[in-house]
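Trainee: From Swiss-Prot, for reference:
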COMPBIAS  22-44  compositional bias 'Low complexity'
COMPBIAS  73-85  compositional bias 'Low complexity'
CARBOHYD  Asn273  N-linked glycosylation site
CARBOHYD  Asn588  N-linked glycosylation site
CARBOHYD  Asn670  N-linked glycosylation site
CARBOHYD  Asn950  N-linked glycosylation site
CARBOHYD  Asn1079  N-linked glycosylation site
LIPID     Cys721  S-palmitoyl cysteine
LIPID     Cys741  S-palmitoyl cysteine
LIPID     Cys742  S-palmitoyl cysteine
LIPID     Cys1242  S-palmitoyl cysteine
LIPID     Cys1242  S-stearoyl cysteine
REGION    721-741  region 'Transient transmembrane before p62-6K protein processing'
REGION    893-910  region 'E1 fusion peptide loop'
Amino acid sequence: MEFIPTQTFYNRRYQPRPWTPRPTIQVIRPRPRPQRQAGQLAQLISAVNKLTMRAVPQQKPRRNRKNKKQKQKQQAPQNNTNQKKQPPKKKPAQKKKKPGRRERMCMKIENDCIFEVKHEGKVTGYACLVGDKVMKPAHVKGTIDNADLAKLAFKRSSKYDLECAQIPVHMKSDASKFTHEKPEGYYNWHHGAVQYSGGRFTIPTGAGKPGDSGRPIFDNKGRVVAIVLGGANEGARTALSVVTWNKDIVTKITPEGAEEWSLAIPVMCLLANTTFPCSQPPCIPCCYEKEPEETLRMLEDNVMRPGYYQLLQASLTCSPHRQRRSTKDNFNVYKATRPYLAHCPDCGEGHSCHSPVALERIRNEATDGTLKIQVSLQIGIGTDDSHDWTKLRYMDNHIPADAGRAGLFVRTSAPCTITGTMGHFILARCPKGETLTVGFTDSRKISHSCTHPFHHDPPVIGREKFHSRPQHGKELPCSTYVQSNAATAEEIEVHMPPDTPDRTLLSQQSGNVKITVNGRTVRYKCNCGGSNEGLITTDKVINNCKVDQCHAAVTNHKKWQYNSPLVPRNAELGDRKGKIHIPFPLANVTCMVPKARNPTVTYGKNQVIMLLYPDHPTLLSYRSMGEEPNYQEEWVTHKKEVVLTVPTEGLEVTWGNNEPYKYWPQLSANGTAHGHPHEIILYYYELYPTMTVVVVSVASFILLSMVGMAVGMCMCARRRCITPYELTPGATVPFLLSLICCIRTAKAATYQEAAVYLWNEQQPLFWLQALIPLAALIVLCNCLRLLPCCCKTLAFLAVMSIGAHTVSAYEHVTVIPNTVGVPYKTLVNRPGYSPMVLEMELLSVTLEPTLSLDYITCEYKTVIPSPYVKCCGTAECKDKNLPDYSCKVFTGVYPFMWGGAYCFCDAENTQLSEAHVEKSESCKTEFASAYRAHTASASAKLRVLYQGNNITVTAYANGDHAVTVKDAKFIVGPMSSAWTPFDNKIVVYKGDVYNMDYPPFGAGRPGQFGDIQSRTPESKDVYANTQLVLQRPAAGTVHVPYSQAPSGFKYWLKERGASLQHTAPFGCQIATNPVRAMNCAVGNMPISIDIPDAAFTRVVDAPSLTDMSCEVPACTHSSDFGGVAIIKYAVSKKGKCAVHSMTNAVTIREAEIEVEGNSQLQISFSTALASAEFRVQVCSTQVHCAAECHPPKDHIVNYPASHTTLGVQDISATAMSWVQKITGGVGLVVAVAALILIVVLCVSFSRH
C-alpha cells in the first residue's frame, strides 16, 4: 500500500527513513530541479575533496564518532581489570535510542489519546480515546491515570474483553477517529510496523510485550484500526490478539495460544497479618524441609487465595536459586503428603477391612473407555519422599512402607492394562465388568486388594463397536485422560490427619503404665482416678494405672492426607485444609476408529439393495431427504442384505463410520412411451402403477359401455324391423332389410336354419354374407378417419411454457429453487437489446438461529468431606451456601473405646456427616449447552455466470443485503419459507444438536437432564437437585453413607437418540460453532438483479440468426442432460449469443455459444418429459424443438436431477395417437348404431 507523507501529522516535510524489511514500492514525489542540481554539486565537491586530501584519513559517519569516543573512555577501566564489565555488553541492546518514523508518528498521536492504566503505582496497560468512547481492555487491572477518566462508569463486555465509557465533552477533541477499512499491508503502532495479512495482525517477535495491552494500531491517516489485547508467539513473528471493526461491527481476532499483555500484578498472600508476594515467602527461604508444620499452617491460611499454588511451589523448593524444571518437580508436592488406611467393603476374603489400597473414586468420563482410579496408596514416591517410578508407598500399620510398582494390578472381569500412574491415581483400560479390584503385592509377598461394585461398559466411539484400534481408519473427536504428570487445573483437597491410636505405645510396668514414644509425638489420656492427659515427645510413666485405662495416639502434623470420607477429620483443626494438583486431566483428542467395508450395492426400480459385511457390530441408518425424514437405524452384527426404498426426494444412507451415501431415483421403465398400446401401458404402470390402473380401468369401462350401447341400439333397431313381418302371415322381408338385420326374406326358415342350409349347401355364400357387415364397417372407419377429428385431444397433463421474466428496464427479478448444486438459468429480455442469460447456482445455504444460552449441564461430583467425630459430646451442623448441601448429626454411632473413631470416653459420641454437589472435573470438556433458539438468519453462497465469468459471492438472504458481481448488484431473499429445523429449545453436545424441551434454569429434576446447572463451564454459580440424602452410618465403621439419584447428564447421553444431523428433514446438514443448518432443500429463493446498461448488447450489434431448424437425434428423459439437440442456422456476422430454453420443463446446459456463418450447434438438455416440445432462443431468434424421449436405463443415481421434476408424467404423443384411434373407432361404431336406430325409428313411426 502507498504511505501518505507524514506532514499529515507534523505539518512539515521531512525525509522518511526507508523501511528495509518490506520491499514495497513507495511513490516518491519528484523534487524541484534546483534541489537536484544542488545535490549533484555537493556530490561533486565531496569527490574532489577525497581526491585532493589523500593524507587525511577517511572520516567515519557521524553516528560512529560517539561510539569511538565511548571506546576511548572505556579503555582505562578495561586496562585496570581483566573482568569485562556488563554496561558495554548491554550497549548494543540499547542502541536504538532514536525512534523510527513509525514510532515517532505514533508517539505524536498517543500524546493526546493514550492514557496509562496503573495499579499500585505500576503501569499495567493503556486506555485509548476512540471516536466518542474511551476503551480499555477488561483484563487490565487498575485505574486510568486521569482524574476525569478514572471516575467514569464503564460498561464491560466479556465477549470482546473490553470496557467502554463515554468520553467527557471537553476531551472529545483529543480522541482519534476509527475506521473499518483495512486493506492488506503495513500499519503503525508504538513499537513500529504491524503487518495485516489474511485477516491477522502480526509483528516481529519481541516488538511487543506484557504491558502493551490497550495500545492502538493506526493507519497512515492516523485512524485507529484495532486495539491490542495480547499476542501469540509463532516463532519469527508474533500474532496479535486485537479488537477491530468490520463495517461498524466490533469483532475480536484471537490467534491460537494468545496471551493477555497486561502487566502481571504480583499476587499477595498473608502470614500473621502481614501480606507478602506469594512467590516470595517471608521466611528466607520458607522451606518445608526445615519447618514442615509451620509451612503447612501457612499454606492452609492461604488456601483460598489466588496465589496459593505459587506459595506452595515456593515453600516446597528450598533453594532460593532458579532450578531447571524436570518431571520430578511434579512429584515434589507429594513429599508434603502421605498414604493412609481407609475402609474397604471387600478386601478379597469376603469381609471388610481398613485397607492400604482403599478405592476412593472411579472416574469413567473419558469416551475412549479409560478409567481414572483414585486409591489410598501413592505410586512413584518412596518412603523417603523421593521420586522413583519403580516404587509405591502404602500405609503399613500407620507407618509408610515401600513396595514394587510391578506388583500393582487392576481387574474387572479380566485383568486391565495399566497405562499411567502417579500419586494416588491410576489410568487403566479394562474390559466389561460389574466390579473393579485394585491390589498390590508388598515386599513380604503379601497381596492386598480392594474390590468395589462398579458397572463398566466401555462407550462406543463412532458407529462401530470395535475392540482394538485399527491401523487405518477415520479420526473422530473423543476425550481421554492425558498421560501427563504436569500440574493441571484439577485438584484434590488434603488436610491434617487425625491422631492415630497405637496400643503398642503402652506397656504395663508393676502397676504403672509406660508410654514409649520412639521419637514421635504422642497424645495420651488415662482415666486413673482423675483426668491425666497431655502431649509428649519423650517417654512418660503414669503411676497407679493400667493399660486398659489409657489411650495413646500418634500425632503427626508434618504431612497432609487426602480428605477422604472413609477417614475422620482432625477434631482440633476443624475445616482447615490444603489443595494439590492432580495428574491426568481430561482432554478432547481424536481417536482412530475403523471404517466398515463398503457394501455391495445393487440398484432396482426405486430401491437400493445393499449387501453388508460387518466385521463387528455396525450401525446402519438412513433417512429420506424430503419433508418427512422417516429416520431408521439398526445394528448389524452378521452378513445381511437390506432393501431400501428410495423416495423421489432422495435417500441418505450411513453405514458405520463411512461418509453418507446419497441416492436419487430415475424414471426408468421396461416399456416405452412411444410403442404399441401394451408397451405404453407397461411404461406408465411401472412409473405410476396406481394412476395407470385407475385410468386404464376407467377407459376400459367407458369403451365397453360404448360398445355395449352400440350393440343395444343395433338389437333395438333389428327388433323394430322384424316385428311387423313376424306379425304378418306369409310376409316377405325386403332383401335390403334382411341383409342389414341378418334375417330371412321369407318366413319359411329362421336365420339359424338359413345359416345351416348355406353351410351345408353353399359355403362360399355363407362366408360372403358374414364378411359383408365387417367390410362395410372397415370402409366406414377409413372414410371417417379422413374427415376432421370428431373429438379434441384429451391432454392428461398440460405443461405450461412459462419461460423467463421479461423486463423493460435493467432491473430483473427471478425465483430459483432452494436446491444446492443445481444450476438455474434466467433470461433477461430488454427491448432494443440482445437477450442476456444469467446462470446461478446455490453452492450453500445456511440457516443460523439467534441463540441465548440458558445454562450448561454436565456430570456432577458428590463432595463428601471426612466426617467429624465429636468424642464425648454432640456436634452441630452449620449452614453453608453450597449446591445441594446436606448435613446431619448422628448419635449412638460409635461404642466406648472403639479405636476406629479415635474416641476414648464412656459418654455419647456423635458423627457429623455433610455432603454437597459440584461440577465434575470433566465439565470443562464434557458438557451440554441448553439454548433458546430465535429467528434464524439465512445466508447463501451463490455462483453467478455473468458476462462469461464465474463469480462466487455470499449474501444474506433477507431481501435487503446487496452484493456486487462485477458491475451488477444482486439482492437475495427473503426466502419463501420461514422454516427452520430448530425448535424453540435446543441442546448442543459437542458437534451434535438436539431438539429438546429441557427444564428451565433453577427447575432441574433429579436423575434427568439439567439436574446440575451452571451458566458457563467456568462459572462458579451452580444449581443442583440430585436428591442427595445422608444416611445413618453403620456402627463401628467410619464412613458417610448417602443416597442420590444417578447423573441425569450421563443418563441423557445413553438415551438421547439420534441428533438432528441424522433426523432433520429436507436433507439438512447440521453443524456447530456456530449452530447452523446448511443446504436445506425447502422453499424458493427470490433474487433481484440490477444490471447496468453497459452490460447489454444492442440488437444492431448482436448477430442475427436465420433459417433455424432443430433436430433431436437422441433423448433420455429424467436423466442428467440426457438429450442432444442440433440446431442449424445461418448468421449475418460472427459473435456470441445467449442460449436459453423458453420452457421451464427443459434445462439447457450451455449458456452462451459462439456463432459464425452457416453452421450448426449442438446443445445438451435435460427434461422429465417423455414427449418434450420446447422453444430454444438463440440471441433474439427462437426455434421449435420436439423430442421423443426414452426412459433411462439406470434406476438409481448419486446426484439430484438438473431439471424441473414433474409431480406426474406427461402423456406422450404416441399414446395420445392410440387414444385417438381407439376412441375414434369405438365412437364410429356407436355413431353408426345410433344412425341405424334413428332411421329404423323414423320408418317405424312413419308407418303408424
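Cβ atoms are placed via backbone N, Cα and C, with glycine included.
Map the listed features onto the structure and describe their local environment.
Mentor: Cβ neighbours within 10 Å of Asn273 (N-linked glycosylation site), excluding its own Cβ and spanning all shown chains: 5. In three-state terms derived from DSSP, Asn273 (N-linked glycosylation site) belongs to neither a helical nor a strand segment and is classed as coil.
Mapped onto three states, the DSSP output places Asn588 (N-linked glycosylation site) in strand. The C-beta environment of Asn588 (N-linked glycosylation site), restricted to residues of the same chain at least 6 apart in sequence and closer than 8 Å, consists of Pro477, Cys478, Ser479, Thr925.
Packing around Asn670 (N-linked glycosylation site) is summarised by its Cβ count: 11 other Cβ atoms lie within 10 angstroms of its Cβ, all protein chains included.
Using a 10 Å radius centred on the Cβ of Asn950 (N-linked glycosylation site) and all shown protein chains, the other Cβ atoms total 10.
When other Cβ atoms within 10 Å of the Cβ of Asn1079 (N-linked glycosylation site) are tallied across all protein chains shown, the result is 18. Under the DSSP three-state reduction, Asn1079 (N-linked glycosylation site) is assigned to coil, being neither helix nor strand.
Applying an 8 A CB threshold to same-chain residues 6 or more apart, the list for Cys1242 (S-palmitoyl cysteine) is empty.
Annotation note: Cys1242 (S-palmitoyl cysteine) sits in a helical segment as assigned by DSSP.
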Trainee: Can you tell me how far the Cα of Asn273 (N-linked glycosylation site) sits from the Cα of Asn1079 (N-linked glycosylation site), in Å?
Mentor: 65
Trainee: Note down the number of other Cβ atoms within 10 Å of the Cβ of Cys721 (S-palmitoyl cysteine), including every protein chain shown.
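Mentor: 21, counting other Cβ atoms within 10 Å of Cys721 (S-palmitoyl cysteine).
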Trainee: Between the recorded positions Cys721, Asn950, Asn1079, which lies closest to Asn670 (N-linked glycosylation site), Cα to Cα?
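Mentor: Of the recorded positions Cys721, Asn950, Asn1079, Asn1079 has its Cα closest to that of Asn670 (N-linked glycosylation site).
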Trainee: How many whole Å apart are the CA atoms of Asn950 (N-linked glycosylation site) and Cys721 (S-palmitoyl cysteine)?
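Mentor: Just about 83 Å between their Cα atoms.
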Trainee: Which secondary structure state does DSSP assign to Asn950 (N-linked glycosylation site), in the simple three-class scheme?
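Mentor: Looking at the DSSP assignment, Asn950 (N-linked glycosylation site) belongs to a strand.
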Trainee: Quick one: Cα separation, Asn1079 (N-linked glycosylation site) versus Cys721 (S-palmitoyl cysteine), in Å?
Mentor: 77
